[in-house]
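Colleague: Can you read through this structure? Questions will come right after.
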Amino acid sequence: MSVATPRAFVVGHPIAHSRSPLIHGHWLAVHGIPGSYERLDVPPAAFPDFVRGLPDSGFRGGNVTIPHKEAAFALADTLTPRARAIGAVNTLVVGPDGRIRGDNTDAPGFCAHLDHSLGAAWPERAGGTALVLGAGGAARAVVVGLAERGLRRVWVANRTAARAEAVAALAPGVGAALAWDDLPAALPGTGLLVNTTSLGMKGQPPLAVDLSPLPADAAVADIVYAPLETALLAAARRRGLAAVDGLGMLLHQAVPGFEAWFGPRPRVTPELRDRIVADLAG
């Protein structure tokens, strides 16, 4: 392989489950780029040396997944404002000077998926109010993304109040913590409900939330994509609500990284989505 051949990676531990090589491999083929995108299984103890060695590795950068996102945040030479706000990095870019920039593309990826699924006017259609369930890393990205898109109020509900408060604080003046028991009272004023928990994922119990108090024009999004149709989304469709599955977030968050490493800005197309859906089904 030529030294000039662009190379990127996804690093995690474990990593065999990652669909990122399928996504980036598809785009490399579409754009006729003779590059590579590789899975790298790096345990936590070896991750600092891995990052420090990137400038001499031949890689232009790569994606970072569980359990390394917080470590990547600490090890990057520079951080985008979004990554700094979220406190985690999922994208590394090695600059011409060898300095490593850390970014978080989960926030714009989530919002780009909403644009694609609901139309660009979804913040106005939501009445400027969203309710985010969960307070983990995905919730942090979603809350920051929603605040960036101009929502006036983003409620964060979690069974542990302190965690909800910490995530809500990422969006000063916009975010606010909500006690889990207060969900029924908050739903009538919610234009967008987002599940960022693992509830509903294959092997996990379903998320038990009664959607009947939601307005008739509300939208429900779930970041879970295995299965694509969670019990939450099925319940939303039965009520006639707009339902947004989690696969699009995975696809759209990959766009900025590909552009940084390989040049062209790729498109998320039905063909790409169908390819990943088929892989999930297999």
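Glycine residues also receive a Cβ, built from the backbone N, Cα and C atoms like all the rest.
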Colleague: Of Gly200, Gly203, Gly246, which does Swiss-Prot put in the NADP(+) site with Gly134, Ala135, Gly136, Gly137, Ala138, Asn158, Arg159, Thr160, Ala161, Ala162, Arg163, Ile223?
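Modeller: Of the residues offered, the record points to Gly246.
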Colleague: DSSP three-state call for Ala138 (NADP(+) binding site): helix, strand or coil?
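Modeller: Looking at the DSSP assignment, Ala138 (NADP(+) binding site) belongs to a helix.
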Colleague: For Gly136 (NADP(+) binding site), which of the binding-site residues Ser18, Arg19, Ser20, Thr65 has the nearest Cα in space?
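Modeller: Closest candidate to Gly136 (NADP(+) binding site), judged by Cα separation, is Thr65.
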Colleague: I need the CA-to-CA distance for Arg159 (NADP(+) binding site) versus Thr65 (shikimate binding site), whole Å please.
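Modeller: So the Cα of Thr65 (shikimate binding site) lies 25 Å away from that of Arg159 (NADP(+) binding site).
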